[in-house]
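> Here's a structure for you.
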């Protein structure tokens, strides 16, 4: 599979790290970003959260060079001028955060790419796939522009599926206590869209909106209209946690819920979910590749149908790992 990464920010860089780490059978032929290639190489090589890249990475002749791999840097703002046809691109990993609706993403197809994977919640009629939840429904003939949802949906949806399959869900409210991201301000500044979002990221707990819970309905249609939620942005650089307050359809115990999650984590959700009874905190999950880590000690039951459940996730590495998983799944099911 030949891919390009459009947008080499936090997610784009970590997707490449994960591809190289696992030596995935994916050839990254180009990176398109308006930042200079030498600076992008520096940002790829050194990461304040995840540490320095394990192998040597250098910038040479307009390329990022890692071992035997040479990845060409492009800096083209107009997507329709990108040479995807000449490069024989199978999939564009669209990680700018800008081309999230179908019409904009389709410009990559006009440039010659065969498929587009949006690494964010998509707008409009774009199929959403979450590994471990509904990825088997991917149709290579028709699903040309797809979304991998958000990091939070990738944490919540596997947990919701386990609950749905075992007990049924009547309704639920989710809060994600979410690490700061690059769109936030270090100190107070104007934010026209969200006034509170412009306040200093490392001085405040900031309430914010999120469509992550509603988006679960895109990959689990049975839950459409049954889940919603909000976010608190908090002063940590990485790792977030989902707090799901949920009313189940059938009576059960907290112990039975834990057992169902534990079983799924070792079978149908293996490598997607993890189960822990350890006394963990957020920094314990920096670099964690699971989508969702169920914290059995942190949850609580009000009665036999009403529960508060807690799941951790590295909102950067965990999500980037699922993107690579989805790319490999597409590769294996597009022949």
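For all residues, glycine too, the Cβ spot is worked out from N, Cα and C.
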> Which of these, 72, 115, 233, 270, does Swiss-Prot list as part of the D-glyceraldehyde 3-phosphate site with 150, 151, 152, 181, 210, 211?
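Answer per Swiss-Prot: 233.
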> The record lists 10, 11, 33, 77, 119, 315 as binding NAD(+). What's the largest Cα to Cα distance among them, in Å, rounded to a whole number?
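Farthest Cα pair among residues binding NAD(+): 27 Å.
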> Please work out which residue of 77, 233 has the most C-beta neighbours within 10 angstroms of its C-beta, and give that one of the binding-site residues.
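The residue with the most neighbouring Cβ atoms within 10 Å is 233.
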> Find the shortest Cα-Cα separation between residue 10 (NAD(+) binding site) and the recorded positions 151, 152, 178, 210, 233, and name the residue that gives it.
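Checking each of 151, 152, 178, 210, 233 against residue 10 (NAD(+) binding site), the shortest Cα distance is to 151.
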> Using C-alpha atoms, which one of the recorded positions 178, 210, 211, 315 comes nearest to residue 151 (active site, nucleophile)?
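So, spelling it out, the nearest of the recorded positions is 315.
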> Starting from the Cβ centroid of 150, 151, 152, 181, 210, 211, 233, which together make up the recorded D-glyceraldehyde 3-phosphate site, report each further residue of the same chain whose Cβ lies within 8 Å of that point, ordered by sequence.
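The answer, listed by sequence position, is 176, 178, 212, 231, 240, 315.
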> Could you list the residues of the same chain, at least six apart in sequence, whose Cβ is under 8 A from the Cβ of residue 11 (NAD(+) binding site)?
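Set apart from residue 11 (NAD(+) binding site) by at least 6 residues yet with Cβ under 8 Å, we have 95, 119, 316, 319, 320, 323.
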